[in-house]
Amino acid sequence: MRSVPTWADRACDKDKVEQCVWDLCFNPSGTQLIVAAGSRVIVYDTSDGSIVQPLKGHKDTVYCCAYAKDGKRFASGSGDKSVIIWTNKLEGILKYTHNDPLQCMSYNPVTHQLLSCAVSDFGLWSPEQKSVSKHKVNSKITACSWTNDGQYMALGLYNGLVSIRNKGGEEKVKIERSGANMSPVWSLSWNPSKDEPYDVLAVADWGQRLSFYQLSGKQIGKDRPLGYDPCSLSWWSQGEYVVLSGANKQCSLHTKEGVKLGVIGEQNSWVWACAVRSDGNYVAVGCQDGMIAYYQVIFSTVHGLYKDRYAYRDNMTDVIIQHLITEQKVRIKCRDLVKKIAIYKHRLAVQLPDRVVIYELYSDDSADMHYRVKEKINKKLECNLLVVCSQHIILCQEKRLQCLSFQGVKEKEWVMDSLIRYIKVIGGAPGREGLLVGLKNGQIMKVFTDNPFPIQLLKQQTSVRCLDLSASRNKLAVVDEHSTVLVYDLTTKELLFQEPNGNSVAWNSQYEDMLCYSGNGTLNIKASNFPVHQQKLQGFVVGFTGSKIFCLHVYAMSAVDVPQSAPMYQYLEKKHYTDAYKIACLGVTDGDWEVLAHEALEGGDFNIAKKSFIRIKDLKYLELIHNIEERKKRGENDSLVFLGDVYSYQGKFQEAAKLYKKANQEQRALNMYTDLRMFDLAKEFIGAGDPQDKKLLMTKQADWAKSSNEPKAAAEMYLSAGENKKAIEIIGDNGWTDMLIDVARRLNKADREALGRCAYHLARLGDYGSAAEVYSKMGDTKSLIEMRVEAQHWDDAFTLVEKHPEFKETVYVPYAQFLAENDQFEEAQQAFHKAGLQAEAVKVLEQLTHNAVVESRFDDAGYYFWKLSIQCLDIAQDEKDKKKEMLEKFHDYQKKAEMYYMYHTIHRHVVEPFTSVLPEGLLHISRYLVHCIGSDLTIPHGISKGATFYTLAKQSKNLGAYKLARHAYDKLQSLRIPPRFIEAVDLGSITIKAKPFQDEKDLLPLCYRCSTTNPLLNKKGAQCVNCLQPFVHSAVNYEVLPLVEFVIEDGITDEEAIHILDMSIGKPRNKDPTGNWSENKMANTQTLRLGDDLEQEDDDPFTSRLKIPDQEGEEAVFKPVLVTKKVLQSMSRSEVFILKWPKPLRYQFFKSLLVDVSITKCPSCNKMFHTGDFEQHYLQKGHCPFCRTKHED
């Protein structure tokens, strides 16, 4: 740092008597300086020190002045107790007074409110208010200052205290300082920087101390002793420095922590006032003897550079190390004036006023930026230049170089013949580094730290300004005092070339033959002996690595990226591909890499081309180079062909074709033009009379027409080339039906594949008639049927199947699937049946049944089980090997069908609130269902025992069958029933115990065979307890019908029996109630004979009672009524009901014992009904209640 006096003046009154300068301040723009001298306010022009105007208005000495931040007005305060407000046009506009002489004043930086301080009070004035608000204080105010935000003010008091108040004047903090009574505060000021984390107040007192405080009153750091009485304190414009002046007759510069950096100016008397200009490095001072001095402060650059690490001084006391590549920065706080900086590899040396500190990196990592102290040399060393090596520091003093160890011991000294102008470490082994030294007399020396003798590299006529050595140390670049750049070959000492207008020079550390130099705002890059490439650049070049140039401009070091395109193109012009590649590796654009790659490829340097294409990741050309290398390995060495391949890849097709022709490789040209769809050019290379090539070319032309969205032309070309199938595909894809029909009619019958594709596309396009015509031409009936099926033309398909029954499965299976998809499952099942796919037919029905049960459609489930049973009967009839299995399934499915059919009524009664079925019907249905369930553990899925017994209990209780109800309630207690029935069941179980333990006699069923009255529940099922004759129930409300089943004796077929019955004449009914039964009991057998003996002709087997007693502890065995041929002849046909089951089952015969009871039989499901019930249901539903068959009669 150094200061330059710009101008000076002495304040005198009219009698030429020197007037003391008590205060001064700048206007915000810095163009004017306001000086309080004597009883006048003097305004100076800062540019030349001329007086703009002296202002008169005070009658006594002016002690203070202050300028508002907005630049509109300033104020002055005097010993005459008055304050005058002046405009920036130097006109007085307002005057107000205090009770005592004014001491100091300050403008609020935000509200522009004026704080004026007298001996015993202070006042606050603003243009908006009419009066001045004043506040008393208990000590003389010596200094005042506002915070940056204008919220608080600090008052320095003569009693050594500092009072911090808000902008209303209320005291918030009082700073009590040690030794305050002996140390009046004489000056204070808040730091103007807005980057600080908190407000900082600097306080100077006449205890000769400088202190710093926070807004809260907490002290920052320790007191700094000054050694003199300070009179004025001012901050630098951005708060980075503090300026102090006082009784030592000096104005000095300090850091913001209070460390003294240097003297700005020395005077002959006390310096009472100092002020810093807000927009530049200028300081004004005012003295006791009236001297006013204006200084410019110049901060010199202190820095060091080694490769990509740059160290420089900041705020005079800090060192910042910047990594120029990664842009990382680290700050080292030295807390003292930094005089010199040197950096080398992992070492950093910093010279302070009384010592040299050597730092080292924590690690060897090239990106590490953490430094620690290695050594300290506690000596005051004087030098012009400082250099650091691995184990030494080098001090330069005019002609002398001294080498010191890190302990401060002088190891060597070199004395040169002339002044040393430039010194640089050029590397070497630790402890043996080499230094390049340039002298004023033109000598260039090399010095090694372990060698006491300097070595002269060369001597030139002019003085040295800058030096640099090339990477291989074979070439030396020098900038002399005439700004000429000279390059020497150190081996021959020969001057290689020289260039004008250079102020600094640097070799590229990664490429031997390239250097750059700067001068006149231009950067010059020179490679080998090629012309210089220039571009604009401000500053000094100090380093050159790869494509980065390190440039120092004013105080800032920056890394500038410079593409190495120009030197690369210079090498390419000379076809020096290897050198061009090395230059490109330093840093060029992708476009430059591409040019290099193509130039090398065309020049036949495939290795450089390959590396270049790898850089830009161009796989296409890498594949080409690989292909060429493989062909070379196979012995192919025709460079013309290789170059032709390169040209074809680059799009230079005509040049490629000429090269192929020149190399007698016309086929390559033909293939190239064909691939490019340049068929007209390709025809030039077709061999004469080669039809195969012509056909191939036409096919490729058609391929191209197809890919270029010209399908019609492509189809015609394919037809011309004989590629019928490809043509048909294009025509079909585009839906040209007429063209397809035309092609199909022209095709030979033998070309079945092409005809098949024609028919397929015609069918797909909906022209089924034309498709059928094509299939007929081919004679392909199966495909024709499949087409009809796919189009769902079922009538046409059925017509064809009638003529060709072998394709029955081809039609009926898809038809069944179609019906199933359209929810016509029953029809689908029949279609599967017709197709002979019995398993699929059964599977459909089983799935329908399962779905119906899951969805609680139990009547549908019963219907589907009935259908399944009939299906099983059909299978048993058709497939003899499955007869037994299918008959078992038939009986099982018949039983399940009837159970689901009955349970549907019970389920509806339980779930729905109302039912149309009478209580007697519900009782009979639930009782019959309980008989069917019996002790069978495998109850059909979905049927609830709980619901069945609940219905039985409820209806039997209502109808008076209390014994049955009690049994049902007992059963319900052991079952899991829905929660909503639990209360009703529990209540019913209790109330039923109050009822008689018997059933209503009218409800008990009568056996029509033996006239025995049966209980409502029979453990053996729905049969007579006496004769074991099974009851026959009406299939609506399940009342017992007056029917008795009989069997025909052996030797009579079912058809013969029907014939006999049809021909018989009914015998008059015998009034004898006992009837004409004939009984024979023998040991363990019982036989009933009807009309066997003449003497028993008049016996009627249906009217006689039959009691079957237990014999010898064995249970009675059911014996059906056996009817002979003679008895059949005597029976009336109207009394006999015949169930005609299909084969292999036999017919069932029943005789009605009550002719008056009308009974109806469904011929489809063979179920018996009371005629009234059946007709009512048929009228409601339109079909049989069980099998849903519609009867036309």
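Glycine is treated like the rest: Cβ placed from N, Cα and C.
A TrEMBL annotation is a machine prediction, not a hand-curated record.
What TrEMBL lists as domain 'IFT122 first beta-propeller' is 14-194, 196-298. The domain 'IFT122 second beta-propeller' annotation in TrEMBL covers 303-557. Per TrEMBL, domain 'Intraflagellar transport protein 122 homolog TPR' is recorded for 564-945. The domain 'IFT122 zinc ribbon' annotation in TrEMBL covers 1002-1044. Taken from TrEMBL, the feature repeat 'WD' covers 55-86.
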Helix, strand and coil counts within the domain 'IFT122 first beta-propeller' (196-298) (DSSP): 0 helix, 60 strand, 43 coil
Sequence-remote partners of the repeat 'WD' (55-86) [C-beta within less than 8 Å, at least six residues beyond its ends]: 20, 22-29, 34-43, 92-107, 109-110, 112, 114, 116, 118, 123, 125
Within the domain 'IFT122 zinc ribbon' (1002-1044), residues counted as helix, strand or coil by DSSP: 2 helix, 10 strand, 31 coil
Per-residue pLDDT averaged over the domain 'IFT122 first beta-propeller' (196-298), given as an integer: 94
Residues in the repeat 'WD' (55-86) grouped by DSSP into helix, strand and remaining coil: 0 helix, 18 strand, 14 coil
